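Feature annotation from TrEMBL assigns disulfide bond to 732-741, 770-779, 1056-1065. The feature domain 'Cadherin' is assigned by TrEMBL to 9-66, 67-168, 169-271, 272-377, 378-479, 498-602. As annotated by TrEMBL, domain 'EGF-like' applies to 684-742, 744-780, 784-822, 1030-1066. What TrEMBL records for 823-1027 is domain 'Laminin G'.
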């Protein structure tokens, strides 16, 4: 029952025998169990079952089989006998089989044995090995179960003995590697050597400790990276590396590998903050610290060294800088919150690696406000128009200002600081509303000018407010008496008559909206003045274009339609001639304008000039008023005038010459300034100052007509000026000749003085020194044989013809001297001086003067220019010695002779001055014009001039004469002012002298050998005729008893003989 396919048994169904029907294999199935059923043939069939178990018994039908066909083993030659080499194993499928092992072949010299042990065959070393004899054994091993057997091959290699260990070259290795090397990079190859051979020399490398960042190749010793390195995490590693051979027993060596990780610039700087914020006041000075940024860099060395910069970022358009090392942000320029209230800066932290790493950071700087901006008005000036008679309390305007500051710094307060006196307006301190506080009357005041101040403490700004009132017609026109002064220049070529409008009637109506009409009421019947009735414009009739002076008085009226006014108009026509121009001068008035001068100041000025010249006012002609444009911002008015001599003077139709006018007004400039209430400046130097003419030519300043200017107008005068122009001419003066005026002539060659005098040549002429009782220009008048002629007796003396021939001068009372009533001596009290016509010699002159004084210092004479600058000559007493100072316009030279005891002893002393230009001498020896060398020689008293100049120092103190030489481009001595004796006038200008006055006496003044009459002065300022201090009081009866009279300054004394005393030796003193 229940048998399957391949069941090896069957049963005979009749007999019940169980028989084998197929081959049994115990190794496949060793036990069968099945059921057997017996069944009858009855009905119903009956059956019975039984269980059958059959065990298959083993027979030796399988051979043993090795588990592997080949075995290998290695054995050192020094292995000891009995050493197990290896175990071979065979299996037998038969049950209960016993396998035995034996070496069937290859066991050379029976070196090995095999024994059955635990089902296997253990091969052991039976006899010692010898590597040199056998290096390999090939054993055949047979496994037998008694009947059957199997074989296997065993290869035993005999190895040399492992007598040496591996050796590293060094016990310590150090290697550097950059931290940025990729994973798998070979760091180093570590190698060891082994003197053994074969497997004993086969080295295997390994790391003792597991370090995950590195691995080592067992065969090659190559150390490689297994992970990324990071210098910032770990800077070094130490590996213990072992080299182990394959010998038996294995031997090894250990070395240590130090791997130093080198930093690379793989980290950018990192700021401590993501952004920075700071604030600073706008008024801080430059280089003020604002804030500090800071960054770190994980790298080392230069890679981790950080500096800071704005380069590539934003520095606020140059308003900030950053310190590269500290990171401090500072201001570079002055800040202005009103322009930039907030700065957004960008700075960089940069390391010094290669390539450099940089990191940006945002910086915000808030500029804090300070009160540095004054309030600003909308405009500098405000024009406000208000109807007059507006009610009190009216808000006329709102004046406001803005302040670019913020907060409390922008608070503004307003106030009126100027112009509100009396208080007519009120300005609200906060709103700026301007309110009227009083009645506003156009006629009282048409315009109010106030200065308003806006204050944002402490800063202020100001604006000007013009409150202009609108007028109503409630006032009469106003008209003053006025003059029309018409200077009419008449020549054949003039044609300068003004045909157009010369001005307008100076009427004024306070009601500005009124329309005025004008008319002549009387005095203009001849229509000398043409009037536009609507505009008031005036024109002159062509009938006035003639050479006749004229004065006319007219009455003028003006009306606004409701009210009217009248005034007087005076027309004065003055004819201006070339003679006036050539004899005119120009005065310079300081701080004066044309309009201001055309007022009562004009009349006062003319009266002052007339008083100084001692001539009537109507004989002074003022023909030009012109602003000086050559003096920069100074306000100087040039006033040109000429004047006729007084009517009582002979030749009264003659004009004062320009030189006379200058001298008189120069001396009385202080008086003129006092009487006219105007500051009169010195005369300006003329165009000849620069010496434009060559050689001995004289430069002559010429005033000529230039143009007739338009009328000048003020509210009382219409004035027509005549503008002259100043030119120059070069003339060869008398006494000089040559194509270029280079030769001087001796005019005494014709003996012009005859036999009655001696001719002395001087520059430009000659001087006749007349013999006794002769006088005249050429000594032609004889007091003994001649008759009276006009002017022969000077200074008011009366000429009387004598019956016996000749004549006699009867002199007026005083210190006049015969025979011709001249005066030779004058005394000079303190602050007095005498004025003569100035020295006009330019190249040479002589001057002699006798003086007496007891003062240590004093001024004997001075001659300069009218402005006290440039050329001058001054003779002074300085510390009781004479001193001459002179200048030709450039340098100043001093000449100082010396007299023992000085000249301030009260005695008469004579001084001689010789000035000359040393001429240029040509090759032929003939003078060829002036040179640049000017010489002055001063001699005192009876001095041998030549001896003193040449041998004075050698002869001891013989220096009574001295000489001074001056060089320079200026060749001539150009003196325009008067000659002043004994002092200078009180003028605001400073003179180039040490003393301004002289106290004493002077006499016998000679210029170029011609005696000067001390009474023929231009002006006298306090000097007196004669010399009372030097009056001789001694006579034969002055001193008694044989006393000697000694003259002294202002008196006398007596030298008494022995036994007498007293003032006049009149008292006896008795014997000794």
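The first residue you see is number 1, and the count goes up from there.
Using the three backbone atoms N, Cα and C, a Cβ is placed for every residue, glycine included.
Residue 732 (disulfide bond) sits 68 Å from residue 1065 (disulfide bond), taking the CA atoms of both as reference points. Beyond the domain 'EGF-like' (784-822), the same-chain residues lying 6 or more positions past its ends with a Cβ under 8 Å from any Cβ of the stretch are 773, 775-776, 1011, 1013-1016, 1025-1026.
Taking the C-alpha atom of residue 1056 (disulfide bond) as reference, the shortest distance to any of the disulfide-bonded residues 741, 770, 779 belongs to 770. The average pLDDT computed over the domain 'EGF-like' (784-822) stands at 89.
Counted over residue pairs 6 or more apart, the CB atoms of the domain 'Laminin G' (823-1027) and the domain 'EGF-like' (684-742) come under 8 Å in at least three pairs, which marks the two as touching. Long-range contacts of the domain 'EGF-like' (744-780) within the same chain, counting only residues at least 6 positions beyond its ends with a Cβ under 8 Å from a Cβ of the stretch, are 696, 733-737, 792, 819-820, 841-846, 919, 927, 1008-1010. You'll find the Cα of residue 779 (disulfide bond) roughly 30 Å from the Cα of residue 741 (disulfide bond). The disulfide-bonded residues 732, 741, 1065 differ in how many other CB atoms lie within 10 Å of their CB, and the one with the most is 1065. Put simply, residue 1065 (disulfide bond) is 46 Å from residue 770 (disulfide bond) when counted between their Cα atoms.
In this structure, the C-alpha atom of residue 1065 (disulfide bond) lies 69 angstrom from that of residue 741 (disulfide bond). Per-class residue totals from DSSP over the domain 'EGF-like' (784-822), listed helix then strand then coil: 0 helix, 10 strand, 29 coil. According to DSSP, residue 779 (disulfide bond) is assigned to coil rather than to any helix or strand. Under DSSP, residue 1065 (disulfide bond) is assigned to coil, being neither helix nor strand in the three-state scheme. With a 10 A radius on its CB, residue 1056 (disulfide bond) counts 21 other CB atoms from all the protein chains.
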